[in-house]
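Read the structure below first, then the notes.
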Amino acid sequence: MHSFLHLFPTTTRSLPCTTISHALSTQQLKPVLTTITEASLNEHHLIQLNSRLASLTRSPRYQDALCLFDEIHCLHHNVKPDHYTLSTALKACANLPNLEFGTKLHAYAIKSGFKPYSHVSNTLLFLYSKTHHLASVERVFNEIEHPDVYSWTTMLSSCSKLGGISYACEVFDKMPKKEVAVWNVMVTGCRENGYQGHGFDLFKQMHFLGLKHDNYSFASVLSTCYIENLGFGRQVQALVVKTGFLFRASVVNAAITMYFNCEDVENACRVFEEVECSVYDGITFNVMIDGFLNVGRVEEALLMFREMLEACLGPSELTFVSLMSSCSCRRAGNQVYAQAVKLGFEQSTSVSNAAITMYSTCGDLNAARLVFERLEQKDIVSWNTLVSTYAQRSSSSSAFLIYMEMRRSGIEPDEFTFGSLLSCSEFIEMSEMIHALVFKNGLISRVQVSNALVSSYSKHGEMNQAYQLFQMSPKNLISWNTIISGFFLNGFPAQGLEQLTKLLISNLRPNSYTFSIAISICASISSLNNGKQLHAYILRHDFSSETSLGNALITMYAKCGALNWSLRVFNEMIAKDTISWNALISAFAQHGEGKEAVNCFKAMKGVGRVKPDQATFTTLLSACSHAGLVDDATWILNSMVNEYGFDPGEDHLSCMVDLLGRAGYLDEAERVLDSKHIEPCSNIWWSLFSACAAHSNLRLARIIAKFLLETEQNNPSVYVLLSNTYAAAGQWEEAARVRESMKNVGVMKQPGSSYSLLFLVTLTDHQRAKVAELSKFRRPAKMHSSTQWIRLSVQTSLKENEAAIKKFEQA
């Protein structure tokens, strides 16, 4: 008996002493030994099951872990789960998360008396925190007699995430003793809730109280620093070096993140290079790769990826997703995806989705489809990515086939699915069919879907349906922008401005895109007064720093005939881009100020950081053409080719030939065409042909007519213009011969005609008398056009707008 007690100490310890004493005195040992043996076997079985349960949770195979717990609880009647079993099962519930199963485990813990165990209570805190049940977190925490550091940190973390940082501060202030880990949770909570300043204050308070910062403290603060608090971040980094924490990978990663947040790539690389290689981990390389990608330095990110492979630090899913999501080079993308396949990530859903996006961006739809077909576990993102890929290529039939295949596989569409389908809808019937599918799937109340439907109906010119849907649907700013843009593009500018007025009265604030549309409306109807009101609103509500709005205002004032206002807006702009200069050059060109347009281009060249594009040269050459500036146009064309490396396009050559032709330099115009390959049907030939007629250049006129007749034999304009050229040169016989050949070919020119009609005010048979009646059919339901736009906002008076404009004029 003594040796048996040594073999099964845990089991015999659970038996009462009186039972063992009675067995010894009566010499009835067999039942006791049988009980001890069975209990020990059950205990050994439970240990094995607990080990298996923990292994499944670490895998992570959380659902399998819960199934095993059910098996232990229901099937093995002789084996009772202990507090370790319960704690592991609760952790699996939290990570799934599965609140329903977790509450059953909570009830089992209370019933079985396992609640007082600290690790059981802490895991319950973790469960309710992950499932966003703050009240349950508080209840479980209050039932813990002696909370440890983990209990406090979980409680504070839940409060900051679910109840707001102010509530977390209340709990923090009530704590009797604050460990460093608790301070770290508060600093992290401040960062996650957007209270970086308060987090910095807590960090400083720790320092003043003499608490020693650990690597979590430093990492949390450094990763929060941006350009506006870079100075404080540098001070923290100096403290890191002083306290010797720069050898911790988490601190190094946070310091690199800080510098990339501030777009200080040089210092981020310096931190990476100055640390010993033994400190690096996979996250360090991921931070470097993400940092390079965020600042647009893809090549350096790929080099860092290669260095990561050479350091034998295995890339994670995040590494491949980041690289392929930003890679637009097919060759580099192929290499990255090949590495992903080699390392066993081919069946990773997130990696495959990123590969599909990458191949579609590179234009390789076959490769994108192949990756999709190889993926065994396709989620909604996989299907949406492929639908979006075909939608972006305007392949509506393929996109719909993918959608139908998705439905057959049992995947329910979401708002992104229908948004992609609507974006490639080619016919109104297709949009109406998608509308019905949206309604059937119960997604009509989703604002993203209603916005896509309004946009689709607007694209097809069905503004009645678009506006009715807009009125019935929930609205965000994109909704208003969509309907305003729809009215404008479909020829209803007044209704577009009315919707802008309603937007200003609502609780939503317009953005720069809203005003860009509204300014375009004012430009299209040459409404200077409304344009000035918009300008005043922009000035009064701090939108004046938006370069895109400045560009739109320059164009609007130019189209309204206020060139001086265009120039004034340009001079007041804080930041000017190429479009800004192009807008001003175009404004000068529209007003016949060709020389000023050329001077503006010279000033643009002097700025240095702004480079002209092809549109710049098109506008300049057009301005020179209308102003007759031959020398300036020649200099501009040479600058375009020799200085900026642009090949002249058809628009550039057309302007140049038109200018030379008007000035009578027909031989020079011919040399310009001889140096380039121009299609015979091009408008350039017609421009030069007209110049030949005006200047009686028979030689060149015959050559051009021959070219044009090869492709446009039935075009009477060729014969008429050539005949007129002969007539202008006094060669009447040749002119008559051309007219005769025109008859022989069977080409006839319709004779011009004109008539006068006397129309009295009282008559109603004139076609314009029907305009008002016809416009009723075109006007959307419940919309009333107005000749004068309603005031921009009920809260904004015209006097305030005028004051803003006067202040702008004085500036």
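Cβ coordinates are placed from backbone N, Cα and C, and glycine is handled just like the others.
On the 0 to 100 pLDDT scale, the repeat 'PPR' (148-182) averages 82 in the predicted structure. Look at TrEMBL and you will find 148-182 (among others) tagged as repeat 'PPR'.
Look at TrEMBL and you will find 281-315 (among others) tagged as repeat 'PPR'. Same-chain residues lying 6+ beyond the ends of the repeat 'PPR' (281-315) with a Cβ under 8 Å from its Cβ atoms: 249-250, 252-253, 256-257, 259-260, 263, 265, 268, 272, 322-323, 326-329, 332, 336, 339-340, 343.
If you look up TrEMBL, you'll see 379-413 (among others) marked as repeat 'PPR'. Sequence-distant contacts of the repeat 'PPR' (379-413) (same chain, at least 6 residues past either end, Cβ-Cβ under 8 Å): 349-350, 352-353, 356-357, 360, 365, 368-369, 372, 420-421, 423-426, 430, 437, 441, 443.
What TrEMBL lists as repeat 'PPR' is 577-611 (among others). Remote same-chain residues near the repeat 'PPR' (577-611) are listed as 547-548, 550-551, 554-555, 557-559, 561, 563, 566-567, 570, 619-620, 622-624, 626-629, 632, 636, 644 (criterion: CB distance under 8 Å, separation of at least six residues from the stretch ends).
What TrEMBL lists as repeat 'PPR' is 613-648 (among others). If one looks beyond the repeat 'PPR' (613-648) by at least 6 residues along the same chain, the residues whose Cβ comes under 8 Å of a Cβ in the stretch are 578, 581-582, 585-586, 588-589, 592-595, 597-598, 601, 604, 655-656, 658-660, 662-663, 665, 676.
Long-range contacts of the repeat 'PPR' (715-749) within the same chain, counting only residues at least 6 positions beyond its ends with a Cβ under 8 Å from a Cβ of the stretch, are 689-690, 692-694, 696-698, 701-702, 705, 708-709. Taken from TrEMBL, the feature repeat 'PPR' covers 715-749 (among others).
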Given the repeat 'PPR' (148-182), its same-chain partners at Cβ distance under 8 Å and 6+ residues beyond its ends are 118, 121-122, 125-126, 128-129, 132, 134, 137-138, 141, 188-190, 192-193, 195, 198, 206, 211-214, 216-217
